[in-house]
Ligand SMILES: [Fe+2]
């Protein structure tokens, strides 16, 4: 990759704003006062990207106008390809009601060159992109850049969580560099390409229903959690590149298709609108929690949520467990023992997760599906019930996260068997928990 291309990237600040951006080399590329003049400035083509129904209420309506060298429609027909890893076939495997934990997913070996889209593997999911209801959770593990190739998802929005290696992402809206401890969202229909400079690994949450929004703050007030101004959207950038075989890889109804065209799709000279990709640095999250007693529910750490039609119930929440102070008095401070009507998928970007110091490693994952019991292991419980409670720092040097969904998740064959990372010993971390009640009764 050409590193110079990625220095001094500029971003637009704010969540869901009406942005307008022109490449500095082409001032006034945006038409004045209208979207579709008879002829656009610089002889560009005018193309709308609709992220919601035309008639969606104003407060949720999402669309952007792209002014580009050639319209997206100029491409050769799509043909199905199969990387054997991406799927929406949720019935391939028998349901597995156990607590599941995966060891870190393999990084590609030096002998094998694999790019972001080639490496994408579906771990679990539910629902159907055709009826716009469901989620899928994928991982990627790649060591080369996508060259003359872009990816586009027709099924939903991607929330990408890099765990190792910075992702240098070209989009139709401009360029973003997304390092571990940052996340980005690339919405339905947006074309993007990923460059890497080392073996890189991470997680992807895909939602079919809706777009991610900031959670309501209720009595917290007007500020806190993820503040809108910390979200960063790329500025317009384009490349006028003719290519013999520029590939578009399309995820469509859970399958991958490939088409080619004679030019780069990153040919948007200017754009405006409120439907655009963004990134966010997790260090900017203002954590709020108890200053008296009891363990607050993890929803207090929600960064972004994709709401369902059921009030207060998310198709998927993206929740983090950041470094913070723990000060609760007379309280069992770790996460409580729990059975949940939501599914909890967890990953670890770095450090040690507070409820289980062993076994859950950066680049690995766990899944506690609908109503599957989970909670702290023996050591964590013993320490938390016996230690002197003073104000302490927790999770320093750590960033774990949760994708929480109201859907029951089916685990794919790749996750269950092929990847060979499923930890058959996971249940053992609770087997040493003792009956302390009977000891008292004796
Ligand atoms: Fe839980």
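Backbone N, Cα and C define each Cβ position, glycine as well.
Automatic, uncurated: that is what TrEMBL annotation is.
Features of the protein shown, as given by TrEMBL:
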type	residues	note
ACT_SITE	295	active site, proton acceptor
BINDING	338, 344, 374	Fe cation binding site
BINDING	353, 374	homogentisate binding site
DOMAIN	10-282	domain 'Homogentisate 1,2-dioxygenase N-terminal'
DOMAIN	284-437	domain 'Homogentisate 1,2-dioxygenase C-terminal'
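Taking Cβ-Cβ distances under 8 Å and a sequence separation of 6 or more, the neighbours of residue 353 (homogentisate binding site) in its chain are 321, 346, 360, 398, 400. For residue 374 (Fe cation binding site) paired with residue 295 (active site, proton acceptor), the C-alpha to C-alpha distance reads 16 Å. Most other Cβ atoms within 10 A: among the recorded positions 295, 338, 374, that distinction falls to 374. All protein chains shown were included, and the count of other CB atoms within 10 Å of the CB of residue 344 (Fe cation binding site) stands at 21. The residues near the Fe cation site, meaning same-chain residues not in 338, 344, 374 whose C-beta sits within 8 angstroms of the mean position of the site's C-beta atoms, are 335, 339, 340, 368, 372, 373, 375, in sequence order. For ligand 1, the nearby recorded positions are 338, 344; that is, of 295, 338, 344, 353, these have a C-beta under 6 Å from one of its atoms. Recorded residues residue 344 (Fe cation binding site) and the residue listed as 'active site, proton acceptor' have their alpha carbons 18 Å apart, per Cα-Cα distance. In this structure the alpha carbons, written CA, of residue 338 (Fe cation binding site) and the residue listed as 'active site, proton acceptor' are 12 Å apart.
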